[in-house]
Each structure stands twice: as C-alpha cells, then as structure tokens.
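K.L.:
Grabbed the feature section from TrEMBL, which reads as follows:
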type	residues	note
DOMAIN	8-146	domain 'Sodium/calcium exchanger membrane region'
DOMAIN	175-323	domain 'Sodium/calcium exchanger membrane region'
TRANSMEM	6-26	transmembrane segment
TRANSMEM	38-65	transmembrane segment
TRANSMEM	77-98	transmembrane segment
TRANSMEM	110-127	transmembrane segment
TRANSMEM	133-150	transmembrane segment
TRANSMEM	171-193	transmembrane segment
TRANSMEM	205-227	transmembrane segment
TRANSMEM	234-257	transmembrane segment
TRANSMEM	272-292	transmembrane segment
TRANSMEM	304-324	transmembrane segment
Amino acid sequence: MNTFLIALSALTIGFALLSFSADRLIASSATYAKHCNISIVFIGMTVVAFGTSAPELLVSATAALNGAGELAVGNGLGSNIINIGLVLSVCILFKPLIVHSRFIRREFPILAIAMVLSCLLMVNGKLATLEGVILLSGLLAYCLYLAYSARHEQSEPEELDFLNISKSRAAFESLVMLIILLASSKLMVWGAVKLAVIAGISELTIGLTVIAFGTSLPELAAALAAVKRGMHDIAFATVIGSNIFNLLGVIAFPALMGEGLTLPRQILTRDLPAMALLTAVLGGIFMFALTNKRCATTTASYQVSRVGGGILLLIFSTYLWYLASSFQ
C-alpha cells in the first residue's frame, strides 16, 4: 500500500509540476525574446526545442559510450516519430493551429533537408564516423543560421501574453522552468511505471506505452502550453527544432564514438520509413494550407485544420500497432 501511495503521489505531483513549468517556460521564454527584440520562433527552435531534446542527447551519448549505438539511433528516430505523430497531432486536434508562411517556406525545408541527408547516410545500413561528422557539421550550420535569423527577425506583436518581468528574471525563470519540466516528466514516468507494475501489467506493455509516451512529455507539455497561450509558432518550432536537433546531433553521436555503426534491419525497414512518411505528410499538410485560400487567416498566416492532426495521429497509431505486433 505504501508503494502504491508513493507512486500515485509521484504521478500526481509530477503532473502538476509538468503543467505549471511548461506554461511558465513558454511565458518566460517569450518574454525574454520580447526583451531581446527577437522572434519567439527563435526561442522555440533553440531554448525550448533543444532544451526538451536534452534527455535524448544524454541517452544517445550514454548508449554510444556503452557500445549500444543502435539504441542511440533508435532513440533519435523514435523521438522524431513521436514529436510529429503524437505531440504535433495532439496540439492540432486540441486547437487548429495558425502557421506563418515564413515558417513553412524557411524552417520546415531545413527539417526536410536534414531528414533527406540522414536517410541518404543511413540507407546503406551503416553510419560511419565521417558521416557523423557531416551530420554534426549540419547542426553547426543550422545553429549559425538561427543566430543570423535572430538578428534579422522582428519581435512579436504586443497582444501576445507576455510576463511583466525583467530580461534577467525571464532568462533565469526559463532555465529553472526547463529543469523542472524535465525532472517532473521523469517523476511522472517513474510513478506510472510503479503503478503499472503493481497492476500486473507486463514490462513490454509498459515500455510501449508509459515509457514511450514519457519521453515525449516535455515536448508535448511545452507545445500544448504554447497553444493555450496563442503562441502557435512556438508549438511548431518546438517540434521542428527538436527533430532537426535529433537528426543532426543525437544520431551523429554514436557514429563519432568508435569506428562507426552498423544499423539493425528494423531501423531501415520500419523506423526510418515511418519518420520519413510523417515528415512528408506534415509537409503536405503545410503545402495544402499554403495553397488553399480557405485556410488563409491573413495574407501571411494559414490555419492547419484538425483533419491534418487526425491524419498524423492515424499514421502514428498504425506505426505503434506495427511496432507492438513485431514483438509478439
């Protein structure tokens, strides 16, 4: 009984902290962007996206150092699949999102290029050290692009919900809230796993549900908090930026550790195609919104309908079903 109460308390407290920290992270990050006169898209693509992807990078580096490079690659690809198929689809189903044309024309193509590059490097079933260097160089180039964009992007309009705090306070609060966000997601997963074990649920089921969902909690919480505050650009930027970081950074690490890596067949026949399909469908949804006049909300912004979110979630659910059936 004591174990049950502890696990339930961990789950409850973790959820409360997750919701609070995600909302404050978005608000304080956007406020910091306003003080610096830079776009909230830049904050979403860097602080929020890279910050929420930090666990994936840590797992990838640890796995690579322990000789489990294929786990590191699978972690990066799986995170990308979850980000688009679950995180973004849930946000769109929660509320049809408004996306600016500049985001479709500039940020998304970078993700498409990163995806094509990583697929070309992995399609032969190997990831050599040189190929890891190429991916990491791509990440460096992307960071330089973000730094350049930050100087030329305009700040957001005043009607957005900013906090009435100083620049230094906003920066400090963003860092603290990011740490709490990551820690609370871990606390929730720990509590959920304990409760599942008490209920007699198998380890396989726990792995395919609780833990898989738990790895996406920081991105999901941050993106939903952004949507609730009307900062749709941050929701898109969190997913797109995180996926770029995973493709060019997380996946590169195992290739740099040692003499390269031989990829399991499942990555080439299951995970890589699933990630590519979800990314391509997302691109199609963006293009439909861009070319369909009924989706236009202004001359420079377009609405992504719930139908698009439903399509992404359907593809993700099919992938999960196939993944579960492959373990039987």
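Just so it is clear, glycine is given a Cβ too, placed from its N, Cα and C backbone atoms.
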K.L.:
Same chain, outside the transmembrane segment (133-150) by at least 6, Cβ under 8 Å from its Cβ: which residues?
P.N.:
36, 38-39, 42, 45-46, 110, 114, 117-118, 121, 244-245, 247-249, 251-252, 255-256
K.L.:
Determine how many residues of the domain 'Sodium/calcium exchanger membrane region' (175-323) DSSP places in helix, in strand and in coil.
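P.N.:
The breakdown for the domain 'Sodium/calcium exchanger membrane region' (175-323) reads 120 helix, 7 strand, 22 coil.
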K.L.:
With pairs closer than 6 in sequence left out, are the transmembrane segment (38-65) and the transmembrane segment (234-257) joined by 3 or more CB pairs under 8 Å?
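P.N.:
They do touch: at least three Cβ pairs between the two stretches lie under 8 Å.
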K.L.:
Based on Cβ pairs under 8 Å, which of the stretches 38-65, 77-98, 110-127, 171-193 lies most in contact with the transmembrane segment (6-26)?
P.N.:
171-193
K.L.:
Check the transmembrane segment (77-98) against the transmembrane segment (272-292) for contact, please; criterion is three or more CB pairs under 8 Å, pairs 6 or more apart in sequence.
P.N.:
yes
K.L.:
For the transmembrane segment (110-127), I need the partner stretch with the highest count of C-beta pairs below 8 angstroms, choosing only from 38-65, 171-193, 272-292.
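P.N.:
Checked against 38-65, 171-193, 272-292; highest Cβ contact count belongs to 272-292.
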K.L.:
Could you break down the residues of the domain 'Sodium/calcium exchanger membrane region' (8-146) into DSSP helix, strand and coil, giving a count for each?
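P.N.:
Summed over the domain 'Sodium/calcium exchanger membrane region' (8-146), the classes give 119 helix, 6 strand, 14 coil.
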